[in-house]
């Protein structure tokens, strides 16, 4: 044990010395190790563009072309979307466009709120009913109803597709190991390539409009569901599986009657993630024809109406929180159902359905006479967001100089030196060092993977921008961890505080960052500092969440034992709890990095010069190949970080004897 | 005989029916599918598009509005999922537009008549600190440039340019004209105006890229810098202008704002195609309408309706056969 440790330290020392030597003295000898030579660049952008052109124009399955297939899928997805939209927003229409005639009105606002409240009551009692109805009432009172219903319609289609698709993929991966091997890298790419990078091909394949937005949303939101499904199925106790075999279940019964129901609790975490991530996509979806709240946010900020932007953003949060809590409660509820459907009447058997139908019909009929019942009257909305704009102005006028001083200190002492440091590193050295770390942590395979990915970033000419990306994300992740982990520690054991913190991080995760990005620009100007603030605000959520969850999971037995041995509170925390929660905290940091990388495209909007900007420029030039190459570089950075941290966490676990 | 008579009768009644049905001069050979016009996220474009949409509705066409991103929309215009985009700015959309028209699936429907004015702009209160303005030569004065500086750029002045994707050659311009300024690029136009709002509230120095038609020049008092006037040679021939060795030693060109659309519009709705081509507005009209919406808080629909009421002669000419 001791000697292997010594060898490892010596190995690191040798590797680092070699790296520093190359970095400090290598430039005159081997210039190519610093700036990747232009002549060696792999023209991947052109290849990808050509491949896509072929896919769009010439790819065919004989009877039909690839584009026809995707258009068919789009048409299929369009059916439930139209249905949801007519129910919630437009009403039943005959004809299209401006000559359409409304045959039936949409659900009245009262009935939508009533239905939401009833689902809440069914699943979680009066508290949840009031909470969910309150969220929806907020939408009506603050004049966000129409847009919110459009957004809700697309979520109601995208989330189930994401959940079911993710579940099926997960089941397939659980059953066939080969399939899992092929699927895993694909899931990584789906989660980490910025959506902007593949937006243009999606628009060509699925047509411009809400369906394309739904497809993009599903691609982004489905991977966590698949991952969680695989994990959850693996976690089903073997006793349960044996019981299933013993009573002679067929394979299908085994899957649907035994495995999936036993894994239900974990699967619901996946459902929650799908809903949250779908709502994350609302802004981008609105850029390609989905409309709704995302469009309101963008339009409000274009005219610098910060209050209106915040209001529309909070409406997205309200929707997300209501849907999340409802789906969680439903999952708990489904566990304990009673099968006592005797000879009761329809009303007694389905009391909720009966009341819902009653409300829908009653409000629809009354709505014909009193319009306020059908649509929430505009005169009763509170549309004042001006107070927020004024608050920002007040801070701006009175505290700008203070803020500017803080910003400049941070820029000059941390950001700029770190940026210069990373920018001067030789790509060859960094690649070698990463490979060495991969080898130490996870063996030869990991070393090879990390080295190839790092080399590809350099070989496609993205190294410089990749380093700026690493710098921006790196600084943000460190700050997010420094703030987030202590908050997680403090709030883990205080129930009241944890509830407040949870509400805050849910808000941060679903509030479109655009909403706070523009006030940040007003106070800190465009540039890296503002971008960093936005990244930290978004990426802090997992740092807090996983730390708290990890600490809450620590077995009380061990804490008792520590107390019996006379540990002080501080010793309990540092020697026992934090050590045991370390794997979870590592996972939290991993997620913080992923979240930070996914904010890149947004930070491009305040003028950073990283891979996110490259993706954005490619989008504006409709250059798919260029965008995907930059997008893949982002994904590679994410995969390198993810694999190294995962390998590190696994080693720690073994060392602590947790596995 | 009988049969011929019945046929004739049928014809006349069909004719009468079609006349009765088309209380508006419908172009019976044209498609009744909705013409899909794209909406973006700035007010001027919403107004332009809604005016066009209302005019087409008066012409008996079926119109649908689709919210779409300014640049992502080309994917829809090429496939015919979308039909018409009413504002494609020469300055910000040229590359995407050229790429799209090169495919042969997108057609340029001609200028809207509005011209994009884009230039360096400063708030009026900055004139005290740099009295030589708006003449560009005042900016060459070090003291004047320093008045526009921030901690990061001092002693050079700070100029906040548009997003990198807009082009504009400001880095080259600073070089060619020997201005002691540093160019910082905003990422989006929202960020651009957020900085202006912030500086204006504090009466702090700022020099930035402002364009019109837009609400900003009516909300904030200020002026555009007067550079040597743009000519084609300035951008192509180094010898032109005050710096004999450099291009871009002049101001920015006035850019057309184009109408573009799917190439199939011409055959599917020939009358609408003519109307779209005929559509023109001018900068003043547009500036007034934008101000009404963004600063006076009127709705886009009301402002469009008001314009329609006042300009009936003009738009009815566009949809004449």
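Here the Cβ of each residue, glycine as well, is placed from N, Cα and C on the backbone.
Marked as domain 'ABC transmembrane type-1' by TrEMBL: A:144-327 (among others).
Annotation source TrEMBL lists domain 'ABC transmembrane type-1' at A:466-645 (among others).
What TrEMBL records for A:7-26 (among others) is transmembrane segment.
The transmembrane segment annotation in TrEMBL covers A:100-119 (among others).
Beyond the ends of the transmembrane segment (A:125-143), by six or more residues, the same chain brings 109, 112-114, 116-119, 311, 314-315, 318-319, 321-322, 325-326, 329, 376, 378, 380-383 to within a C-beta distance below 8 angstroms of the stretch. Annotated transmembrane segment per TrEMBL: A:125-143 (among others), in sequence order.
Annotated transmembrane segment per TrEMBL: A:155-176 (among others), in sequence order.
Residues or ranges marked as transmembrane segment by TrEMBL: A:196-221 (among others).
According to TrEMBL, the transmembrane segment annotation covers A:306-323 (among others).
Residues or ranges marked as transmembrane segment in TrEMBL: A:421-439 (among others). Listed by sequence, the residues of this chain that lie at least six past the ends of the transmembrane segment (A:421-439) yet keep a Cβ under 8 A from its Cβ atoms are 11-12, 15-16, 18-19, 22-23, 26-27, 30, 32-34, 36, 446-451, 454-455, 458, 463-464, 467-468, 470-471, 474, 640, 643-644, 647.
The transmembrane segment annotation in TrEMBL covers A:446-463 (among others).
Look at TrEMBL and you will find A:469-490 (among others) tagged as transmembrane segment. Outside the transmembrane segment (A:469-490), and at least 6 residues removed from its termini, the chain residues within Cβ reach (under 8 Å) are 414-415, 418-419, 422-423, 497, 501, 528, 531-532, 535-536, 539-548, 551, 573, 578, 585, 588-589, 592-593, 596-597, 600, 603, 608, 610-612, 633-634, 637.
Annotation source TrEMBL lists transmembrane segment at A:529-548 (among others).
The transmembrane segment annotation in TrEMBL covers A:585-607 (among others).
Annotation comment: TrEMBL describes A:627-646 (among others) as transmembrane segment. A Cβ distance under 8 Å defines the sequence-distant neighbours of the transmembrane segment (A:627-646), meaning residues of its chain 6+ beyond its ends; these are 44-45, 48, 185, 188-189, 191-194, 196-198, 200, 434, 437-438, 441-442, 446, 449-450, 453-454, 456-457, 460, 462, 465-466, 469-470, 473, 586, 589-590, 593-594, 597, 600, 611-612, 614-615, 618-619.
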Check your understanding: Which stretch, A:7-26, A:100-119, A:196-221, A:529-548, A:585-607, tops the Cβ pairs under 8 Å count with the transmembrane segment (A:155-176)?
Key -> A:196-221
Point to revise | For the transmembrane segment (A:446-463), distant same-chain residues with Cβ under 8 A (at least six beyond the ends) | key: 36, 38, 40-42, 44-45, 427, 430-432, 434-439, 611, 614, 629-630, 632-633, 636-637, 639-640, 643-644, 647
